[in-house]
Amino acid sequence: MGNCTAVPTLRRTPHISRTQSRRATVSSITNGAQVSVPRSEPYIVHHNVPSPVESPIWVAIKNRRRHKPHTNRIKTTRYNILTFIPKNLFEQFRRVANVYFAILIGLNWIPIVNALSKQVAFIPLTVILTITAIKDLVEDLKRWRSDAQINKQIAQVYDKKTKTFIPCKWQDLSVGNVVRVRTDETVPADILLLSSASTESTCYLDTAAIDGETNLKQKSIPSCFLNLDKTAEETSFELQCDPPNDDIYRFCGRLLFSTGSNACPCDNNNFLLRGCVLRITEYVDGLIVYAGNETKIIKSSRQTISKHALIERYINRDVLFSSLILTTICLLCAGLSIYWERSFGDKWTFVPFIVDDPFDNSVRDFFANTLRFVILFQVMVPIALYVSLDLVRVLQMYTIARDKHLKYEHPISCRTFTINEDLGQIGYVFTDKTGTLTQNKLVFKMMSVGGIYYSGRSELPEKNDPLIQHFLTTLAICNTSFIVHDHPEFMHRLDYQPKYEGDNADDLVLCQTASQFGVRMISRSAQTITVRYLDSSNSNKQDLDYDILCLLPFDSTRKRMSIIVRLNDQIFLYIKGAESSIWPHLSPLNDTHTKSTIEQHSLTFAEQGYRSLLVAYRQLTLREFESWFERYRFAANALDNREEAISDAATEIEVDLMLAGLTAVEDKLQDGVPRAIATLRCAGIKLWLLTGDKQATALSTAQAASLINIPQTLSSDSHSTSRNIAPAATAWDFDRSAQARLNQHTHMIYYSSQLIEIDQQLRNRESSASDDVRTEKTISRMREVIAAQASPVSLVVTGEDLSVILRYKPKEFIRAASECQSVLFCRVSATQKRELVSVAKSVFKHRILAIGDGANDVGMIRESHCGVAVYGREGSQAVAAGDFAVDRFECLRRLLLVHGAWCFTRTSELILYTFMHNCAYVFVIFFHQFFNGFSGAVSLHSFYLTLYSSLFTVLPQCAAALFDQHVPAERALHEPQLYQYTLHARCYRMWSYWINILDAIWQSSVIFFFAYLSYRNEFYIDVSAFGFSIAFSMIVTSLIHVLLQTSRVDISIISSIAFSFLVFLGFTLVFDETCVVCIPGESPYQVSYHTLRKARFWFTTALTIFTAMLPRFTIKCLYNTIRYPFAVNYE
Amino acid sequence: KVYFYYGLVNYYQNHRRYVKSRDDNQLLGKTDAVSKDCQPFQKSVNGSDYTPCGAIANSKFNDSLTLVFNGSQTVPLLNTGIAWTTDKDVKFKNPNNASTYFQNNPPPPNWKYTAWDLDKNNSDNNGYKNEDFIVWMRTAAMPAFRKLYRRLNTNSSQTFQGGLPQGNYTLKVQYNYPVINFSGRKQFIISTTSWMGGKNPFLGWAYIVVGIVCMIAFVVFFILHKTWKL
């Protein structure tokens, strides 16, 4: 994803560079013809160019087919009236669970396999399918309605015959049309700007609907349309660009005019996305490039990220165990069934209850028996768990999203519904610094020009220092901000202060600062910038016009931006950027003393946590510029790898720079960050800080954020300036052991620099050893150092080292670094962040959470197990990519420690409960088989069998999965160590499954054998009555079992249990009263009425339920007393 | 009140194939073709449905048991009031023109006579509404089961007004029902009923054992609660 949202990539003054540009285009075309031969067919839009092809019919048809759907009608619906049922069913049957159910139902219809009542067996699947279908239908209707509404909106389209704009519905627009969009109207499709009503040939856009950013964005007309002799509507040209894609931050195209052969580049800056709203500008005209479903915004809204929680791995493992048990008992029963039937020998014809010949075809019988038992015991493999899990997770997310404590400006937004449990298992947090830990609310603090500090205008020297002028001019114009004139009529006034808008916070604050220092950008167009210079007494002004020759935008790999301007006859290159990115390009002519002073200042700034940018300039000769510009033009016209080519070209001109100075901007920590980090550390979560800032800044932020705790004397070995950060860890309301840990001093290890100093031998060999070997040695050395330390260790790694590490020994490094309590990465790029996460993912046992706010964190957020985005000032690309979006870093504390831990325990309870509950059911039926000749008969009638695990018992377990709290929220926050409980999955281990299976076997034996022994001599207990009393104990046992499993008893669980019981009782009573011959051969008419009247039934049931619960109750009591799982045992 | 039961042991009346082999609609008096569930006792060789069809009906218990008091006086037994009234009233109905219907359709192969000959003396206890038949059709849950056979008629003679008096009783069995092929056993049980049903010490023992376990658990928990420190 590109990271220049609305950065103007190319600006050029027509009147100066017209001649040059002619030449440039010609050369680029001749070169381009060789280079950019389209590999895949490029996407071409013709405007006023007749389609040139006189092609054979089949080609025409092929083309027609390909180009047919280019109207602007959008269709987000998935179905239409005809396709709804087949398509929806098809989609639903892509779930393994549904297929499993369907296969078993199908098998049940085979007469010799038949185990359940054929009709009743349909009920659960039908209900699931119907509910899902209704849900899909409702959603689709909503989409259909909104589509219709959108498609019927009116736009103004250019009519070639009348040469006017006529109204037209959105859905009737097609690619190649020219549309006019007026102020406050929405852009109907992805369009390329052709002309604008504004004099500056630009327009302002509100893109809130697309990326949620509220600041206005400026877009401009492609430069080649600026000096046309006729209107753009009448021009003939061909646009070559990327095929429709989902990257809303990138557009690359090339305009080929039919008159003349000059190609003209166009990019994202000339491109308006569907859904933007035009502001301020009266109207713009644009050519539709992508329409309807091919627009970028619709394409990008379709992508879904699929992530899976760690807990699903446990489920799959236990499902495997369950299927093994299932297979075993099915084969066992099937075999015993054959054996039993044959045990009567030849006399079977005289045995009244042997109906079929047991010697007929034993292979078929064995096979049929096995399948019948599979149907009967199907719930042993709780496929329905996946369905209930989905449901529960959505509801869990809903409760998280409604948590008021997580709401500051926005409520937390949850986009991924499959990883709730992972929040309880986060072992590592990878965090960005700027905007995530800090507020990204920038305040100008200081500047250092020519080796002298200035923090206010009054400190400036009286007479005009050219260095300061250059410095301030760079701040004023070397940016991509634009100006919104509230009162253009006052522009001539001395104190006119325009409003700056833009998407780069640094730029804005520096531009504002320059303005306060008397260098004020007062107007700006694509070609010219007017800067007003005020003298120190604010009495005189001097307006200078800079012609923009070229603007080389900021990107995160170059980490600098520059602008080339012409003032009268002088050409200047102004550049600002990260220190490391400019320092190597400085000219040797710079004064070494100034250089060292500035270096010193830079350290001081960094130590105080300020963000600093280096400012430099270069004067160019016309020849230098022209020869370079030609190369640049070629790069800018490339269709493939354009960014890279431009970046390479930019590097060629950004050399021999003269140092001007340094700015310092402060970015304060967000509220609650130190506390949140201390909490996470206590919880046993390791924090890795990945920042683009330099080491000193990162360290001071880390210290302030209580990520590390360096004793003052040790840390500032080389820096003597006083720090304004308290070194002692602040006292939190954690308990003592946690606090003691936090108070421990951190031992800092600096990767490579210090390590190699320690290892003298290695240092000597440094020159000869390859990177590969050296990295390996350093890592092994690092491991030793880390292992030798008793106190918590923090590792510091710089981006340069990291790139070497990632190239050679990423896994070894991560493994060694995972021992550290925290790791700081400085000067890392977006790609490195992503790679680091992706390597860490393959190494770490625990889950990784990545949190960030900027475009450079998107890769990391997507790559991690759980991506959290912070609503920030750097746009909403991160928010679009994140699984969760929060307002502040602080939210993590509650999100992980409370909601994460809750979700994990709740879901694991739900899973274990489902396994155990279904297993108990299967074993009750299994025990039956010993008393009915392994025939597959059950005393429970089909309704009980099919509804037992759904209608009758599903509610309390869902209530528990939503409302249970293994510890109260306050306690979870005050005793962060409790997070270890879920982090190490103490409530769901390998043996948890087997314990639950054992309990299930106990419960089922009690339920079955108590009934068997107690009703032995009762003549009135027939099959149905026995079945009813068994069903009664089973259901009540499972309902009460929920209470034993949950840690907290609350009204929702009690009431859901009561409700489920009443549903069961009501169902039974109504069914037994009304149904005389509903299920063939299983009529339970009046059975429950008869049974409920018997005292023996009540005595037996009471004892059964009590005894079934007894072991779990006792063991849980003992366990909680002796080894209290929530006690403080910090590891 | 004295009840007489017959018991069968090792008789799998709950076998899946056996339990299903019936047609409740037929027993409701409907004369449509019977369900295939009755196989292999669905139709006779000549193609007409068995009345009643199915393996359960075919294997109806048909021993007749009489009890003689002191060698001379037959104990008066009632063959009504032994099935659930709800069954008799709702689930079992004879078809219209029952006598001709049962004559025209064959009884199950094991039956010596038609369903209309089950109780010739009482037309209300005949055909599908015969209570012995209804009791048999309510299949037992376990392979050892007992079913109500008769109840004592306390009104017919002075001797049995207060139940069965002390004395010698002789059980006369008309042996029609073979159980030897599956090593089955037959029982005859005479019993009264209490509020807890028949005699079965299991529940008592179970309560005592569980109670003792709970007592032990109580003591352990009490001690732990007082002494255990985390």
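Glycine residues also receive a Cβ, built from the backbone N, Cα and C atoms like all the rest.
Taken from TrEMBL, the feature domain 'P-type ATPase N-terminal' covers A:68-118. In the predicted model, residues of the domain 'P-type ATPase N-terminal' (A:68-118) average a pLDDT of 79.
For A:96-114 (among others), the entry in TrEMBL reads transmembrane segment.
The feature transmembrane segment is assigned by TrEMBL to A:120-138 (among others).
The transmembrane segment annotation in TrEMBL covers A:319-340 (among others). Beyond the transmembrane segment (A:319-340), the same-chain residues lying 6 or more positions past its ends with a Cβ under 8 Å from any Cβ of the stretch are 358, 362, 365-366, 369-370, 372-374, 377, 380-382, 915, 919, 922, 926, 929, 933-936, 993-994, 997.
The transmembrane segment annotation in TrEMBL covers A:371-392 (among others).
Per TrEMBL, Mg(2+) binding site is recorded for A:Asp432, A:Thr434, A:Asp853, A:Asp857. Contacts of A:Asp857 (Mg(2+) binding site) defined by a Cβ separation under 8 A and a same-chain sequence distance of 6+ are given as A:Asp432, A:Thr436, A:Ala830, A:Lys833, A:Ala850, A:Ile851, A:Ala869, A:Ala878, in order along the sequence.
What TrEMBL records for A:Asp432 is active site, 4-aspartylphosphate intermediate. Summarising the environment of A:Asp432 (Mg(2+) binding site), the number of other Cβ atoms within 10 Å of its Cβ, over all protein chains shown, is 30. Secondary structure at A:Asp432 (Mg(2+) binding site), as computed by DSSP, is strand.
Summarising the annotation, TrEMBL assigns ATP binding site to A:Asp432, A:Lys433, A:Thr434, A:Phe554, A:Lys576, A:Arg611, A:Thr691, A:Gly692, A:Asp693, A:Arg827, A:Lys833, A:Asn856, A:Asp857. Secondary structure at A:Asp857 (Mg(2+) binding site), taken from DSSP and collapsed to helix, strand or coil, is helix.
Annotated domain 'P-type ATPase C-terminal' per TrEMBL: A:880-1122, in sequence order.
The transmembrane segment feature in TrEMBL is assigned to A:910-931 (among others). Same-chain neighbours of the transmembrane segment (A:910-931): 311, 314-315, 318, 322, 325-326, 329, 333, 336-337, 376-377, 379-380, 382, 384-385, 388-389, 392, 937-940, 948-949, 953, 957-958, 960-961, 988, 992-993, 996-997, 999-1001, 1003-1005, 1007-1009, 1012, 1030, 1034, 1037-1038, 1041-1042, 1045, counting only residues six or more beyond its ends whose CB sits under 8 Å from a CB of the stretch.
Residues annotated as transmembrane segment in TrEMBL: A:943-963 (among others).
Beyond its flanks by at least six residues, the transmembrane segment (A:993-1013) meets 318, 321, 325, 912-913, 915-917, 919-924, 926-928, 931, 1026, 1029-1030, 1033-1034, 1037, 1041, 1100, 1103-1104, 1107-1109, 1111-1112 of its own chain at Cβ-Cβ distances under 8 Å. Residues or ranges marked as transmembrane segment in TrEMBL: A:993-1013 (among others).
Annotated transmembrane segment per TrEMBL: A:1019-1044 (among others), in sequence order. Long-range neighbours of the transmembrane segment (A:1019-1044) within the same chain, counting only residues 6 or more positions beyond its ends whose Cβ lies under 8 Å from a Cβ of the stretch, are 913, 916-917, 920-921, 924, 938-941, 944, 948, 952-953, 956-957, 959-960, 1003, 1007-1008, 1010-1011, 1053, 1057, 1060-1061, 1064, 1068, 1082-1084, 1087-1088, 1090-1091, 1094, 1097, 1100-1101, 1104-1105, 1108-1109, 1112-1113, 1116.
Long-range contacts of the transmembrane segment (A:1051-1071) within the same chain: residues 943, 947, 951-956, 958-960, 962-964, 1028, 1031, 1035-1036, 1039-1040, 1042-1043, 1078, 1084, 1088-1089, each at least 6 residues beyond the stretch ends and with a Cβ under 8 Å from a Cβ of the stretch. What TrEMBL records for A:1051-1071 (among others) is transmembrane segment.
The annotation transmembrane segment is assigned in TrEMBL to A:1097-1115 (among others).
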Out of A:Asp693, A:Asp853, which of the binding-site residues has the smallest number of neighbouring Cβ atoms within 10 Å?
A:Asp693
Which of these binding-site residues is closest to A:Asp853 (Mg(2+) binding site) if you go by CA atoms: A:Lys576, A:Thr691, A:Asp693?
A:Thr691
Listed in sequence order, the binding-site residues within 10 angstroms (C-alpha to C-alpha) of A:Thr434 (Mg(2+) binding site) out of A:Lys576, A:Thr691, A:Asp693 are A:Thr691, A:Asp693
Helix, strand or coil at A:Asp693 (ATP binding site), per DSSP?
coil
Just counting, how many other CB atoms are there within 10 A of the CB of A:Thr434 (Mg(2+) binding site)?
26
With DSSP as the reference, give the number of residues of the domain 'P-type ATPase N-terminal' (A:68-118) in helix, strand and coil.
22 helix, 1 strand, 28 coil
Sequence-ordered list of residues in the chain of A:Thr691 (ATP binding site) that lie 6 or more positions away and have a Cβ within less than 8 Å of its Cβ, or none, is A:Asp432, A:Lys433, A:Thr434, A:Thr697, A:Ala698, A:Thr701, A:Leu824, A:Phe825, A:Cys826, A:Arg827, A:Val828
How many other Cβ atoms sit within 10 Å of the Cβ of A:Lys576 (ATP binding site)?
28
Around the Cβ of A:Lys833 (ATP binding site), the count of other Cβ atoms that are within 10 Å:
30
